[in-house]
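According to TrEMBL, the GTP binding site annotation covers Ser123, Lys124, Leu125, Asp126, Gly168, Gln169, Thr170, Gly171, Val172, Gly173, Lys174, Ser175, Thr176. The annotation Zn(2+) binding site is assigned in TrEMBL to Cys249, Cys254, His256, Cys262. Marked as domain 'CP-type G' by TrEMBL: 74-225. According to TrEMBL, the domain 'EngC GTPase' annotation covers 83-223.
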Amino acid sequence: MELWYNDNMVKFGRILKSLSGFYYIKDKSDGQVYQTRARGNFRQKGTKPIVGDFAEFSIAEQSEGYVLSIKARDNFLVRPPIANINQAVVVMSAIEPNFSLNLLDRFLVLLTNKGIKPLIYLSKLDLLDDLSYFETVQADYQKIGYQFFTDWHEILKEFPDKVTVFMGQTGVGKSTLLNKIAPEMSLATQEISYKLGRGRHTTRHVELFEINGGLIADTPGFSSLDYEIADQPELNGAFPEISAYSFGCKFRECTHTHEPKCAVKPAVASGNILSSRYDNYLLFLTEIQGKRETYKKVVKKC
Ligand SMILES: Nc1nc2c(ncn2[C@@H]2O[C@H](COP(=O)(O)OP(=O)(O)OP(=O)(O)O)[C@@H](O)[C@H]2O)c(=O)[nH]1
Ligand SMILES: [Zn+2]
């Protein structure tokens, strides 16, 4: 079939791939993928289109298209740069590297804060004889509302109509899992890396692949975590169970540390809130406060 279109026709779609300065946009109505570039005005405005963005673009016969504007984002990640994400598979290994509740809570706080649903995948359980610790962890976190997976077939069922990213510490098994879920995807990524002469995770190529009725990112997300939580109320909101109990605190701005008539602390004492979760909340709170102090110092100096 021959494609034809009028000069400067304006179209709308989602950016599925970014590579060497080009954006590949899938048009919402005709389902075709168009190669486009971003005009200089994006650089001036300080925004750059990223994969996952919904964009208005123009196409002209015999030339490449141009991104005209992007829709406001629901959320986005910086590493890898992807916008409008629905959910993230957080890969946590039982061993090698060792499982850490602190790291899990960091991922959950970051994702919950951005409105991205976490799906926790436990890898390397086959290397353990005794699974009782992980059964307890699963039961505890399921009570808070988080979903666990140990079988990749079950993860696949969560994909339809969603944009999914993968994340986890180095060595937990992200590539192994992605290879099982979408072997064709890892092959395509390797080919591009080879052509660009760069390593697999060092390419600036980001792509969303259509897998089982959804879109999934080929580039695993941050192994180091730098969440952008501004203050205590935001942190409070990123711990669903602490947030739920905090409605009973006497003070609306209660930090659940020293205030009288706090409803969170008794819930920790009675075991309704996991003490490890409360400890991580306190730790993250200290980190946020530390960051704000540094910021104040910097501002004063200037
Ligand atoms: N026994 C066992 N080994 C696994 C499992 N998943 C991954 N591995 C092994 O763990 C090692 C690391 O796995 P990768 O998939 O490369 O880990 P990754 O998270 O992609 O690591 P980076 O690329 O460094 O971010 C490899 O030797 C895998 O074979 C699992 O479920 N069970
Ligand atoms: Zn409180």
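Using the three backbone atoms N, Cα and C, a Cβ is placed for every residue, glycine included.
Annotated features taken from TrEMBL, shown on the structure.
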residue	record	CB count, 10 Å
Ser123	GTP binding site	23
Gly168	GTP binding site	26
Thr170	GTP binding site	10
Val172	GTP binding site	25
Lys174	GTP binding site	24
Thr176	GTP binding site	13
Cys249	Zn(2+) binding site	19
Cys254	Zn(2+) binding site	20
His256	Zn(2+) binding site	23
Cys262	Zn(2+) binding site	20
Any further residue of that chain within 8 Å (Cβ to the Cβ centroid of Cys249, Cys254, His256, Cys262) of the recorded Zn(2+) site: Ser246, Lys250, Phe251, Thr255, Thr257, Glu259, Lys261, Ala263, Val264, Lys265
Nearest of the binding-site residues (Cys249, Cys254, His256, Cys262) to Val172 (GTP binding site) - Cα to Cα: His256
Cβ under 6 Å from ligand 2: qualifying binding-site residues of Ser123, Gly168, Thr170, Thr176: none
Rounded to the nearest Å - Cα separation of Lys174 (GTP binding site) and His256 (Zn(2+) binding site): 36
Helix, strand and coil totals (DSSP H, G, I; E, B; other) for the domain 'EngC GTPase' (83-223): 57 helix, 34 strand, 50 coil
Per-residue pLDDT averaged over the domain 'EngC GTPase' (83-223), given as an integer: 89
Rounded Cα-Cα span from Leu125 (GTP binding site) to Cys249 (Zn(2+) binding site), Å: 40
Annotated binding-site residues Leu125, Val172, Cys254, Cys262, filtered by Cβ under 6 Å to ligand 1: Val172
